[in-house]
């Protein structure tokens, strides 16, 4: 490391960007999950503040409201990667968060005359805006994180997921019971989103070179780190817009390993999140959804465990006890296989072991926090240049699954009191967890992929390779792609 790099401040603009990403995720996840609290308060005012309107919505209508967010959310994941490349993360994330916040404001203003249908429509629109978020976050992480700090900073930003989920449950209940009533949940969510947007516009920058606040030493440190990873000279310049090597990406086994792993995570976690509480209610007679402590406890455990994984990862990497590849696969194995065993175990807990059931659910969700370091950040390992595009593809697949898993549960579970039917659901989820991680172990990689090179398509079309045609017309062979990993 050069002497200039040694002068880099311990805390700099890269850490401010990570804080802004953390706050962005937290604010958006509060808006994403506070509907669960709002719907309870809007349909049972006696449990919160009876001075506000109460609506007679049946269970199916409430389910539509809660799931409608994801109808829009998965649609814009893939376009989010493209919009981020075209307009930059700064503008795209601003529009994403502001749009979601303003639509939250519409809920108390329109639901009185529009009913549950208008509520569903608003939630779909919120999902459409928030779907742009995570492709931008991964692109922003790739732009701002020095290679040696990428794992730590990326994991820190993603702890906003657990923070936002916990705050949505706790703050939602407190606000609904206050003088603001259930409309206050929407007002506070909107205010948080708008406040973040103002701070984001002032302090964010798409790249370190665009920042007016970064020091010369920190800029050199970040850029030299990324250039060293690619083995290019500091003076070399990138094209303004790097073309996407679609065929190479689609022929890449590490990419498919990542997609399978994140889809398996989505399947398993949606079972932990949505189906186990229903099982505990039907089979064990526990109404966890009406108990704020029991509902929030698993996510609080997940939030705490995310920092445990983060510290442990830092120690293992700094002492060179594990390579980054081994670290990701070890953490992902813990995050997938331990909850897989726990899911099967929950299916055998009886009515007299309710404390054990709560402990198992909390432990399963908490241990699953390792999947962020295990596989979620792998997009940046494979291709910093195309991290937003990769995240858009992966998250599209991952967010279709929470829409499909309840349908499968509905086909299997005909009687919520039947333990055997629930055991089938848990075994299927455990198999998905187990096989998904096994695929990731075999085919996953943390090596920078050859198609990340900004000149990859030009090199593929070079005259000395007469058998290769344009990337858009002909897939690159897996043998050629395998030379680098």
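Glycine is no exception: its Cβ is also placed from the backbone N, Cα and C atoms.
In TrEMBL, annotation is done automatically, which means it is predicted and not curated.
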Residues flagged as transmembrane segment in TrEMBL, choosing from 389-412, 461-484: 389-412
Contact check, the transmembrane segment (356-377) vs the transmembrane segment (331-349), 3+ Cβ pairs under 8 Å, seq sep 6+: yes
Chain residues in Cβ proximity to the transmembrane segment (424-443) (below 8 Å; excluding those fewer than six residues from its ends, i.e. six or more beyond): 253-254, 256-258, 260-261, 263-265, 267-268, 271, 275, 279, 329, 332-333, 336-337, 339-341, 343-344, 346-347, 375, 408-409, 412-413
The transmembrane segment (63-84) touching the transmembrane segment (389-412) per 3+ Cβ pairs under 8 Å rule: yes
Averaged pLDDT score, the domain 'Major facilitator superfamily (MFS) profile' (20-448): 88
